[in-house]
Amino acid sequence: MSDNRVYSYSAVLMGSPILLKLYSHDEALASRVFQLIKRYEDLLTVNRAESQVMDINHAAGRHPVTVSRPVFQLIQCAKAASMVRDSAFNLAIGPLVKLWRIGFHGHSVPDAADIRARLALTRPQEVILDETTCSVFLQQPGMELDLGAIAKGYIADRVRDYLRQQQVEKALINLGGNVHTLGEWTIGLKKPFADAQALIGSLTINGQSVVTSGTYERYFEQDGKRWHHILDPRSGYPLDNELDSVTVISTDSLDGDIWTTLLFGLGVEKGCAALRQREDIDAIFVTKNRDIILSSPQRLRFSPLDSGYQVIDCTA
């Protein structure tokens, strides 16, 4: 029974601190939610030796691998996003991620020749899907799927669905960059390259997902330059444009994952143009010049909290 107090439960999963907020004291429910997250992590991760995705990668260039229906459907969705013309999203980016090692020990800027060689292994059209058998085949030896840009969104949606089944009316799940809600919540937007508690603004949402991707999340510095983890599958290098972060507000967190990556690749002007075709998706762009650009000021309930940033309309 709810007593109008917020109860917080936490765990470390998927390499991130996971936070669940409920309006009832229910440790058993929290435990079941964390078990659900762990189950999907075990299916989708590439950061350990065994998972269904790693089975696909190990069989690259040799034979198709049959996977569970949820994993197949997620890969199907990821391939569709990867095949969009000039897309910055690529489910086959694994060889580049491993080469750069950003966020892991031993990172450095790779040789240009090594980057070119890995780029040849990242063609999404060479990920062959067979819906009849639920099988996935990577055509070239050395190809690797990496669903890191999409797995959290998929899992956040499954948590939302599970909480709804349990008749939970108000809850928040934070998977580290992916926030999903039941009911109305106000959440903070982090200030790039600042203390963890520093915010540029707050956003009030109701039953929606908020996904933020920022260059400040994982990076290293070399030769006087900052190299971040958001890799451009077209060049093989970190995306280099006017953006520090992109936040996407959507019904499904999976869409948020896909669109943060797509919008990072498009940049502000093209990104705003793309969003005019999508009334179901909104975005907040934060630029290196300290502009906060709202795709739809009339729909977004955003309150600025840092006078060093200027809020402007996407159409301005």
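Numbering starts at 1 and runs along the chain as it is shown here.
Yeah, the Cβs are placed from backbone N, Cα and C, and that goes for glycine too.
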Can you match one of Ala149, Ala156, Ala171 to the Mg(2+) site that Swiss-Prot gives for Asp257, Thr261?
Ala149
Closest of the binding-site residues to Phe89 (FAD binding site), Cα to Cα, picking from Ala149, Asp257, Thr261?
Thr261
With every protein chain in view, what's the tally of Cβ atoms within 10 Å of the Cβ of Asn90 (FAD binding site), excluding that atom itself?
26
Hey, what's the Cβ neighbour count for Asp146 (FAD binding site) at 10 Å?
24
Go through Met14, Ala149, Leu231, our binding-site residues, and report the one whose Cβ sees the most other Cβ atoms within 10 Å.
Leu231
